[in-house]
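Novice: Structure provided below as structure tokens; questions to follow.
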Amino acid sequence: MKLLKERILQDGKCFEGGILKVDSFINHQMDPTLMKAIAVEFVRRFASERFNKVMTIEASGIAPAIMVGFLLDLPVIFAKKKKPKTMEHMLSARVFSFTKEREYDICLSRDFLTPGDRVLFIDDFLANGNAALGAIELIDQAGAQLAGMGFIIEKAFQQGGGILRDRGIHIESLAMIDSLDNCRIHIRD
Ligand code: 5GP
């Protein structure tokens with residue numbers, strides 16, 4: 001997606017350890033016009049899939065997910081990173097955070113993900129795939145089906161994309177980062 005790639009090259013910043021900072025337009029300050037274009041592209045790429053719900057993980061996945069849900073008039077659910085005391089019928093999975101280098105639990109109420117649901121998962125980044133695998137575990141626990149997974153940015157030099165594609169999952173990433181070596185951003189054409 002040309003617009004996104006140009007924006008990453010213009011405003012993205014590289015950090016030690018292979019981390020790309022995009023907090024001026026995705027992760028902290030958000031650009032709604034770009035986010036809408038991102039959602040339009042996801043809708044186009046998943047047009048052949050059948051799904052009735054959009055799912056993400058808080059917090060950075062919520063903006064693109066809600067834009068997709070809005071365009072398709074579908075409900076959007078997000079897995080929470082802290083277990084609310086009031087949550088009933090909880091599904092939960094353990095995830096290792098790449099950026100925070102620690103484990104955390106994601107949870108979701110069974111009330112909003114049920115057998116028969118077909119889910120499109122949307123998130124900001126795909127790195128080692130741990131967050132995505134946690135989301136798949138929640139979908140499995142609910143007895144729901146995964147229709148596809150869309151990521152704004154995939155860091156192709158990490159293993160997540162390979163793991164998910166090897167499972168036969170329909171993956172779409174709008175920008176593929178081939179390398180962040182020497183703090184230079186190399187995006188695939
Ligand atoms: P994974 O679970 O695939 O290793 O990492 C995915 C999650 O980690 C994303 O949801 C995102 O929040 C975070 N993440 C991974 N790599 C990066 C990165 O380079 N930059 C930012 N901002 N977040 C990242």
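Counting begins at 1 with the first residue displayed.
Including glycine, each Cβ sits where the backbone N, Cα and C put it.
Since the structure is predicted, the reported quantities are computational estimates derived from the model, not experimental observations.
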Novice: Given that TrEMBL lists Leu20, Asn27 as binding xanthine, which residue among Lys100, Lys155 does it place in the same site?
Specialist: Lys155
Novice: Using a 10 Å radius around its CB, how many other CB atoms surround Gly129 (5-phospho-alpha-D-ribose 1-diphosphate binding site)?
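Specialist: Excluding its own Cβ, Gly129 (5-phospho-alpha-D-ribose 1-diphosphate binding site) sees 23 Cβ atoms within 10 Å.
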Novice: Distance between Leu20 (xanthine binding site) and Asn130 (5-phospho-alpha-D-ribose 1-diphosphate binding site) at the Cα atoms, whole Å?
Specialist: 17
Novice: If you count other C-beta atoms within 10 angstroms, which of the binding-site residues Leu20, Ala127, Ala131 is the most crowded?
Specialist: Ala131
Novice: Is it possible to get the count of other C-beta atoms within 10 angstroms of the C-beta of Asn128 (5-phospho-alpha-D-ribose 1-diphosphate binding site)?
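Specialist: The Cβ of Asn128 (5-phospho-alpha-D-ribose 1-diphosphate binding site) has 16 Cβ neighbours within 10 Å.
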